[in-house]
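Below: the structure, in structure tokens.
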Amino acid sequence: MDYYWRCWVFWHLCAIWNYGVNSLKLTTLHIEKHTVRGNNSLLECRFDLEGEALYSVKWYKDGHEFFRYIPKDYPSTQTFLLPGVKVDRRHSNESQVLLTDLTLASTGRYRCEVSAEAPSFQTVSEHGDMVTVALPNEGPVITGGRPRYQVGDKVKVNCTSGLSKPPAHLTWFINGEQVNSSFLRGPFKSYPEEEGLERAILGLEFQVEPKHFKSGDLKLKCLATIATIYWNSNEESVEGEKPQRAPVLEVKDTGHNSRADRVQGQSLH
Amino acid sequence: MTSSSNWSVSTDDAVSVLGFTAKLPCDITPPEKDDRPTLVLWFKEGDHVRPIYSYDRRGANEFRPKHWADESFLGQRAEFMAKETPTHLRLDRIRESDRGTYRCRVDFKKSPTRNSKVNLAVIIPPQRLSVLDEKGDHIQNYILGPYNEGASVNITCIASGGRPQPRVIWWQENNLLDDSWEVLSENRVKNVLWLEKLQRRHLKQVYTCQASNNEIVAPISSAVSLDLNLRPLWVKLLGENRPLSAGQAHEIKCEAVGARPQPQMSWWKGSTPLKKAKEEMSSDFNRTVSTLRFVPTMEDSGKILSCRASTPTIQDSMMEDGWKLNISHIPVVALAMGGSLNASGIKEGVDVYFECNIKSNPWVYRVTWRHNGEMLYNNRSVGMILSNQSLVLQSVSRASSGIYTCIASNQEGDGESNPLYLDVKFIPVCRPGQQKVIGVARGEIVRILCEVEANPPNIDFSWKFNSSRETIDIEPNHYTVEKTRSLFGFTPMTELDYGTLYCWGKNVLGKQKEPCIYTVIPAGKPDAVRNCSITNLTVDSLQIECMEGFDGGLSQEFFLELYDADSRLFISNTTSTVPWFFISDLSSGQNYEIIIYATNSKGVSDPTILQFTTLKASMRGLTSRDNPPLMLQLTPLISTLVGIVAALTLVALIIILIMRIRESSDDEKSHSKMSSEAVKESSESAESIEKNPDIIPQNNEYSDGEEKTFESFNTRLYPQHLGAEKSSIPKEELTYAELSHASSVYTNMLSQQPQHCIDPLQYSHLDSSLCHVTAETPLICTSARESTMVPIREGQPLQQCHWTPQQKQQQQQQQQHHVVTATRF
């Protein structure tokens, strides 16, 4: 009684006070930025009702509702079909939704909207973007290299990543140093194949200089990465002209967090 | 925490105007048939977590949905119209703060939630328009101007307020005139309308400035009407330019059409402004009619009467219309003697020529001439020739003297010239109509007035006396002269003193050709009246008309006595200068007798006796004016009496003849001093006297006898009456005492004053021992008809003063003037 009387008198003040103090808050929204195709992902949405009764929690992907939690309904949860969205209702409730069997279509903006009960139906919402990734089926491949190079020779090689979505990000290293972009050609994308999978191609062109052999062989490495969830590389060693030895192609698997793409050695003969 | 704006949902646009209503659409139709909306929430982006409106049909509210609106944002202004199609949130009394993006969330029972957005644009219409004239002043009363015809004008319209900025456009009726507005500032947009060379068609045209920034509410507009000063289209004198009559008031109207404001109108005669005229304006203010009351004068002919009108504010706007005046007037006529003629120096026989100078419009159709008021006609036989504007009098006579005028006539009337007096000089001539025969008794003074006509009237008279014996020039001192008259008086003493007098006048032109001739004869009593007739006989009156007989050489009077024919009693009498009488107050059907006689100073004429019977009263109807005059026959008795009288007269004449012959020898002795020529003719003269039956001898013997005869005659008839009258006559009054007896019967009449006597004349005192004339007596009396000399009753001394042939030589010797001068005639 006392509260309403005061608010009736200080109409605006109370309104501000109401919003400022006695209002619904969304405390946590957790959405994985990148997920791997076929995996599951848990979407979390936590809120503080601040004394209000909960009317609904709604989850949207790209504006389309795919899950709702309404405590007064029976059942209190309801899911709606969306491509790439497969909700595990058993592990979903007012504060989380478990998506299973992620596909490339799972990529999108996920929004959590929480509404309090009547009459004011205070509502808060927040969103996060998730990209579901199809990892490359193989590591990057270096092509176009010769066994031997003399100082002054022109090196012209390509690095091609495996099929993935999105396409992998390629980077060249010479003797362990990242190559200046002025020596790069590309990156190019291959024509998309099924499910929109693509290969990335990055060319490297430069003239052999004596410094390239300062510490013995010339080492060319191509690194393929996708966000933070994929890391794989391939390296070639080239002998100088003077030792007159048959070039030895040495391949090292440098990927450390990858799912073990094979290291390829390739002879250019 | 605020809600994110990145809802990838469909977005609608809605527009509303400040103060109006906005409809924010939101489709709540479920995607599937067996579903239903349960809750609709409206959010306004950028604001707070609370929705602004909720429509709750959940559970128990399914059939009675709950509406809730945020008090602080919408209050009572919003309502969700769930039953309308499309369903929408209606927002009333839109405020500027209502602008923004609204999100509608529809929760369905089964279907996925639907979110949609509406962008609401709030338009603020322009607030105010100012229309300014070229000086930047606000236009009062929405009337622009007035401007002069031909001026160029710009009108500025400024719109204030409005978001987005309004379009400002000038219209005229339905025609877009100017849509080139320019932005002055965030709040002000202007459009300047340029009107070049304003013309009459621009008058009262309405120019509307319109400002608008939306299609929802009517644009605001401001209209001004253009007022112009216009020069007159035309000025026109109404009606035809007809000739105007001089001196008459004419109303002339002039209209000025098309001027604005009311034109200044003025009237001019030549370069002279005329008095302000009355002006009236037509009800449509387009036409002004000025009415001039114009009284033209003759001199206005040929001048230009013009009417001018101008619009005061416009230079050189004056227009005018004029008429060359044609003034018709009564001819103005001036009469002059032709050539070198001098009007005062015309002699008889000269040709005279008059010129009639005429000024006239229209020209005269007739010129007439008047002489002393009498119209003149062309008559070559008398030498009177009238041509167009001249009058020729050939060989003028004295009759041509007088006042001449010419009269010219046109349609306006007759104009008469100045009178010109033609003074024709002529030799004296005898004035016609004078008494030529003058009767006078011996010893009586007779005065003969010779009157002539002459020009100039300064006349010298000369007289001659021609008796049977001799012709004598009369000395000037024996007659008097006064202009055209000369009076000669003398007293014939013997028969030889009777004869003819000649009188000549002479003025500067010459002597009278034919003298005036006066015959002095011995005077006698008058003759009886003749041919009496009774006219207009009625029951109680009658009229008698007779012809007068010879007057005996003197002026005569006429007497009438009325008697009862049966009783012989005298009834009444009357007198007259003419033998015409009217008798009234008679008894009807009675017999009367009338005696009429003439009398002069020498005696009484024979009576004329008439008998008549008045009409009986019962016969009154028979009397009328048409009845012929009843000529009365002398009754047998009268006839007998006349016969007796005639016989007696014959006897008396024989006696007189004998007496005269005997007496003539005495006369010869008394006239012995006269010339011997006169003696030879004495027998003729006597004869002529004897021939005259009216001569009354002056001898008392004869008169006694005659008197007795009359007396016996009269006494026998009317003894009683005559006796009574006789005694009442004082004899002394009569100069001719001897006659008084004879005329005693009629003395009552003689004693009466003659009618129409001239005022008594004063005889001048003559410084003469012989003539002491101081009588104030009637000298000349006139009847109604003519002047005649009558006897002087008093003043015997005059006889001595008058010349007689016997006295002539004697008086000449005395070297004295024994002349009676009449100072006044």
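Cβ from N, Cα, C; glycine included.
What TrEMBL records for B:1-121, B:126-225, B:232-326, B:331-423, B:432-503 is domain 'Ig-like'. According to TrEMBL, the domain 'Fibronectin type-III' annotation covers B:528-618. The annotation transmembrane segment is assigned in TrEMBL to B:637-659. Feature annotation from TrEMBL assigns region 'Disordered' to B:667-705. Here TrEMBL flags B:678-693 as compositional bias 'Basic and acidic residues'.
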Number of helical, extended and coil residues in the domain 'Ig-like' (B:331-423), per DSSP: 6 helix, 51 strand, 36 coil
Helix, strand and coil counts within the domain 'Ig-like' (B:432-503) (DSSP): 6 helix, 41 strand, 25 coil
Structural state census, the domain 'Fibronectin type-III' (B:528-618) (DSSP three-state): 2 helix, 49 strand, 40 coil
Overall pLDDT for the domain 'Ig-like' (B:331-423), taken as the rounded mean: 89
Tally of residues which DSSP labels helix, strand or coil - the domain 'Ig-like' (B:126-225): 6 helix, 56 strand, 38 coil
